[in-house]
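Asker: Can you keep this structure in mind? I'll have questions shortly.
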Amino acid sequence: MLVARTARFVAVRGVHAVGLTDPYEKVAFATLRPNKCRFLHKSPVKCWSSGFPGRGGNDNNTFLTLEDVAFGIKEGTYRRILVMVGAGISTDSGIPDFRSPTSGLYSKLQQYSLPYPEAIFDLGYFLREPHAFLDLSKDLLPGRHLPNTAHHFLRLLNDKRVLLRLYTQNIDSLERAAGIPLEKLVEAHGSFTSATCTKCLKTYPGRTFQDAVLESRVPLCVLCKGLIKPDIVFFGEHLPQRFLMHLVDFPQADLLLVIGTSLEVEPFASLVYAVKASTPRVLINREPVGPFVSGHQGINVAEIGEVTAGVKRFAQLLGWERELTELDKEGKDKAGQL
């Protein structure tokens with residue numbers, strides 16, 4: 001296996017392919033040296049990673065439009081679609097993204113007197129002062145928000161049997177709620193669906209942490225009284241083992257969709273470079289990010305504007321508008337029953 005200099009991953013010892021059931025996971029771990037990736041904020045560091053070399057979207061002899069991509073999906077040219085999503089797909093569900101100047105999550109942290117905004121997801125700070133994160137978590141827990149049009153579009157990709165895998169930075173579990181099967185989902189930054197004692201490592205169902213938060217209690221372990229933390233990835237922590245499936249998924253993808261993400265958090269952001277040079281990349285986002293900043297080049301396609309509007313346009317080009325509308329209606333009906 002060649003070592004790819006182009007990947008920006010920080011690798012440390014300690015991954016073993018134990019208890020893996022997905023065949024892609026088994027292949028990924030069979031091709032790995034014992035590695036694990038750490039969650040970094042805006043890391044520019046280029047390191048070595050045992051994986052596949054790839055640049056993605058660099059075929060400058062071909063120029064594509066969103067119409068071309070939609071036609072390719074309808075004609076069966078693109079059957080192994082990878083999707084990368086971030087907080088921008090959940091804002092229409094009432095969940096703030098992180099960096100919007102007035103409505104973003106970081107802009108709402110002043111009330112907690114944090115030493116710096118990212119401390120809300122810093123493990124050391126959480127262990128010393130858990131109350132800020134616990135209070136903030138009330139608005140992020142599963143069940144408090146419903147999937148929106150962007151999530152329903154992802155559901156359609158799966159229903160049409162063209163979704164290879166969905167990689168999400170989000171911890172709101174709205175992809176699950178939208179009906180994405182777990183085997184198709186990689187929650188790169190974890191979720192609230194399970195929790196672990198930070199002291200003795202006893203595992204808990206996510207409900208244990210969630211109930212404590214909703215009752216304004218500090219969640220403590222029944223065995224050692226250690227602090228219980230949801231299994232979301234804080235800065236400096238190891239990413240879930242399933243994240244390493246990118247080593248297999250990205251080289252075999254024939255299309256990459258990037259939706260609602262700033263591409264600023266590593267190592268997730270570098271995945272956009274992991275597909276083959278001949279693989280088209282499509283961005284649906286409110287602003288150009290990552291390799292799309294330099295404008296329309298080769299087989300990079302950028303649909304800039306509100307995420308929901310971009311997704312609806314894509315669905316219309318695909319001829320999926322009616323089905324997307326039906327899923328949206330089902331979602332509104334569920335909201336009315338709550």
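Note that Cβ sites are derived from N, Cα and C of the backbone, with glycine treated the same way.
OK, TrEMBL features for this one:
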ACT_SITE  His189  active site, proton acceptor
BINDING   87-91, 97-99, 169-172, 261-262, 285-287  NAD(+) binding site
BINDING   Cys197, Cys200, Cys221, Cys224  Zn(2+) binding site
DOMAIN    59-321  domain 'Deacetylase sirtuin-type'
Asker: What is the one among the binding-site residues Cys197, Cys224 whose Cβ has the most other Cβ atoms less than or equal to 10 Å away?
Answerer: Cys197
Asker: Fill in the CA-CA distance, Cys221 (Zn(2+) binding site) to Asn170 (NAD(+) binding site), as an integer in Å.
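Answerer: Distance between the two Cα atoms comes out at 26 Å.
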Asker: Rounded to the nearest Å, what's the C-alpha distance separating Ala87 (NAD(+) binding site) and Cys224 (Zn(2+) binding site)? Just drop the number here, would you?
Answerer: 35
Asker: Under a criterion of Cβ-Cβ distance under 8 Å and sequence separation of at least 6, what residues of the same chain contact Thr261 (NAD(+) binding site)?
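Answerer: In sequence order, the residues whose Cβ lies under 8 Å from that of Thr261 (NAD(+) binding site) (at least 6 apart) are Met84, Val85, Gly86, Ala87, Gly88, Gln169, Phe268, Ala269, Asn285, Val289.
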Asker: By the count of other Cβ atoms within 10 Å, pick out the sparsest of the binding-site residues Cys200, Cys221.
Answerer: Cys200
Asker: Indicate whether Cys197 (Zn(2+) binding site) is helix, strand or coil by DSSP.
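Answerer: Once the DSSP labels are grouped into three classes, Cys197 (Zn(2+) binding site) ends up as strand.
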Asker: With the Zn(2+) site defined by Cys197, Cys200, Cys221, Cys224, which remaining residues of that chain have Cβ atoms positioned within 8 Å of the Cβ centroid?
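Answerer: Residues close to the Zn(2+) site, other than Cys197, Cys200, Cys221, Cys224: Thr198, Lys199, Leu201, Lys202, Val222, Leu223, Lys225, Gly226, Ile228.
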Asker: Taking the domain 'Deacetylase sirtuin-type' (59-321) alone, what is its mean pLDDT?
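Answerer: For the domain 'Deacetylase sirtuin-type' (59-321), the model's average pLDDT rounds to 91.
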Asker: Between the Cα atoms of Cys224 (Zn(2+) binding site) and Ser90 (NAD(+) binding site), find the distance and write it as a whole number of Å.
Answerer: 36
Asker: On a C-alpha basis, identify the one among Ser90, Asn170, Cys197, Arg286 that is nearest to His189 (active site, proton acceptor); the candidates are the binding-site residues.
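Answerer: That would be Asn170, nearest by Cα distance.
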Asker: Do any residues at least six apart in sequence from Asn170 (NAD(+) binding site), in the same chain, have a Cβ closer than 8 Å to its Cβ, and if so which, in order?
Answerer: Val85, Gly86, Ala87, Ile89, Ser90, Glu187, His189
Asker: Which state, by DSSP, holds Ala87 (NAD(+) binding site): helix, strand or coil?
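Answerer: Helix, per DSSP.
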Asker: Round to the nearest Å and give the CA-to-CA distance linking Arg286 (NAD(+) binding site) with Cys197 (Zn(2+) binding site).
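Answerer: Spelling it out, the Cα of Arg286 (NAD(+) binding site) and the Cα of Cys197 (Zn(2+) binding site) are 38 Å apart.
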Asker: When you tally the Cβ atoms that lie within 10 Å of each candidate's Cβ, which of the binding-site residues (Ala87, Ser90, Arg286) has the highest tally?
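Answerer: Within the set of binding-site residues, the most crowded position is Ser90.
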